[in-house]
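Here's the structure we're looking at; comments come further down.
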Amino acid sequence: MSCFDNIILATDSYKVSHYRQYPPGTEYVYSYFESRGGVFEEVVFFGLQYFIKRYLCGVVVTEDKIAYAKEILDSHMGPGHFNEEGWRHILTAHGGMLPISIKAVPEGTVVPVKNALFTMVNTDPKCFWLTNYLETLMVEVWYPMTVATNSREQKKLLLKALAATGGDPSNADLQLHDFGYRGVSSVESAAIGGAAHLVSFQGTDTMAALICVKHYYKGGEALIPGINVTVPVPGISIPAAEHSTITSWGREGELDAFRNMLTQYPEGVVAVVSDSYDIFNACSNLWGTELKEMIKNRKGRLVVRPDSGEPMEIVPLLLDLLGKAFEEDVTTTSTGHKLLPPYIRLIQGDGISYESLGGILDAAAAKGWAAENLVFGSGGALLQKLHRDTQKCAFKCSEIIKADGLATLVYKDPITDKGKQSKKGRLTLEMQNGKLTTVTEGKGDPSKDVLIEVFRNGVMTVEHAFKDVRARAVIPPL
């Protein structure tokens, strides 16, 4: 067990004191999570299942954890602030399992912003303080949700470009490859962020994501293109060179390094970073002349990778160079755009983000090149250059119930920022006029509620398979 696996300490310090701050007689605290707006107008809900299974399921409160939390908090905040009685009640009355109910939209569902995505309420009136004590941990769903949303929006750009240049839309599944493992803040971030990317794509070099999906989302599969073989992991990758495996041959040995890649991998797809010295010489002379016949006779595809320069300028230029070198096999799509022969493609893995991707695709199309010629890799912008306010994620209390059974509407409405106004009362998420809409103040129809209970009293009540998550997030025909 990790030293961080103590639910009592998995919160902000000030929440330790909140059990004394609710109105007298409070028995139930009901709260919800939403995206209040942000960069995108809709979000892909994903990641809650990971946090529930990782942190909430089963016996999570023990005598040892209570004792350790008391030791830490008495020193951190001073004696008398730790709610030892409350946690001990969870241990004795519930066997250390959390008396909480969570209802959520099915994972993978695409929901317009400003809607409830999940709700939480305590199931034991003595644990009214527990709902918002868990906010710190549960709000971290913002991260996989935002990654999944950002990736899906980039897939829209790819699908649009493929349609405009006569490409096969199925190619989009492998056109944005996750390079983000080294650029994130932790292995856990790589796992859940990488898994979120795989909701819409099948290409990844973030192996932690594969483990996350297999362990927390009932597996997941990927289809290997060309041979149409399905493998029991949600993402696939290929052999590829890095600068060290090329530059270790020396500047004069670059041709030998390239030849070695083709020799070591005589079949299948292989990617080779080619800008260690002179990307233009590499495309025109090394790949395009010296190794041309070897590339053409190989049973597979070479993917040339530039890794520097301004992508909007470099990508069309390199397509022109490769097109000239292999012009005898260049074809055109149904829209008249040029397509490199199937044995060679280009991957741009530097400077790729939602903001840059569309411009690169447009620049290539403007020079007459089809989007199908290109694959992209994204790292920091995919998994790290995001934050909670990218989609303005928040968790707020909307109702309390006191011992007399009467419910009180709870909300915030700051005069200085109406965008932070919160919802009131019990919430349902219902389909109205073809659009998911949150109904507030308990006025909704429970029979139409899309939110379903996924966790109750320490047990996961509904578990989503990754294939179903992916199916819900599919982008409709553009």
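Every residue gets a Cβ built from N, Cα and C, even glycine.
The diphosphate binding site annotation in TrEMBL covers R182, H243, R305. For D205, R305, P306, D307, G349, D350, G380, R388, the entry in TrEMBL reads beta-nicotinamide D-ribonucleotide binding site. Residues annotated as domain 'Nicotinamide phosphoribosyltransferase N-terminal' in TrEMBL: 6-102. If you look up TrEMBL, you'll see 175-439 marked as domain 'Nicotinate/nicotinamide phosphoribosyltransferase'.
Here the features listed in TrEMBL are painted onto the structure.
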residue: R182; record: diphosphate binding site; DSSP (3 states): helix
residue: D205; record: beta-nicotinamide D-ribonucleotide binding site; DSSP (3 states): coil
residue: H243; record: diphosphate binding site; DSSP (3 states): helix
residue: R305; record: diphosphate binding site; DSSP (3 states): strand
residue: G349; record: beta-nicotinamide D-ribonucleotide binding site; DSSP (3 states): coil
residue: G380; record: beta-nicotinamide D-ribonucleotide binding site; DSSP (3 states): helix
residue: R388; record: beta-nicotinamide D-ribonucleotide binding site; DSSP (3 states): helix
| note | Model confidence over the domain 'Nicotinate/nicotinamide phosphoribosyltransferase' (175-439), as mean pLDDT, sits at 96
| Largest tally of Cβ atoms lying within 10 Å of a Cβ, found at which of the binding-site residues R182, H243, R305, R388 | R305
| message | Let me check the 10 A CB neighbour count of G380 (beta-nicotinamide D-ribonucleotide binding site). How many other CB atoms are there? | response | 16
| In sequence order, which same-chain residues at least six apart have a C-beta under 8 angstroms from G349 (beta-nicotinamide D-ribonucleotide binding site)? | H177, F179, R305, D307, F376, G377, S378, G379
| Which listed residue (D307, D350) has most other Cβ within 10 Å, given these are binding-site residues | D350
| Around P306 (beta-nicotinamide D-ribonucleotide binding site), which residues of its chain at least 6 apart sit with Cβ under 8 Å of its Cβ? | S274, D275, I279, I314, V315, L318, L346, Q348, D350
| field | Binding residues R182, H243, R305 (diphosphate) - maximum C-alpha distance in whole Å | value | 18
| request: Please work out the number of neighbouring Cβ atoms within 10 Å of the Cβ of D205 (beta-nicotinamide D-ribonucleotide binding site), leaving out its own Cβ. | output: 19
| request: Looking only at C-alpha atoms, tell me how far R388 (beta-nicotinamide D-ribonucleotide binding site) is from H243 (diphosphate binding site), rounded to the nearest Å. | output: 34
| query | How big is the gap, in Å, between the Cα of D205 (beta-nicotinamide D-ribonucleotide binding site) and that of H243 (diphosphate binding site), rounded to a whole number? | reply | 16
| field | Inter-residue C-alpha distance, R182 (diphosphate binding site) and G380 (beta-nicotinamide D-ribonucleotide binding site) (nearest angstrom) | value | 8
| Separation of alpha carbons, G380 (beta-nicotinamide D-ribonucleotide binding site) and H243 (diphosphate binding site) (Å) | 19
| message | Give me the DSSP three-state residue breakdown of the domain 'Nicotinamide phosphoribosyltransferase N-terminal' (6-102), ordered helix, strand, coil. | response | 45 helix, 16 strand, 36 coil
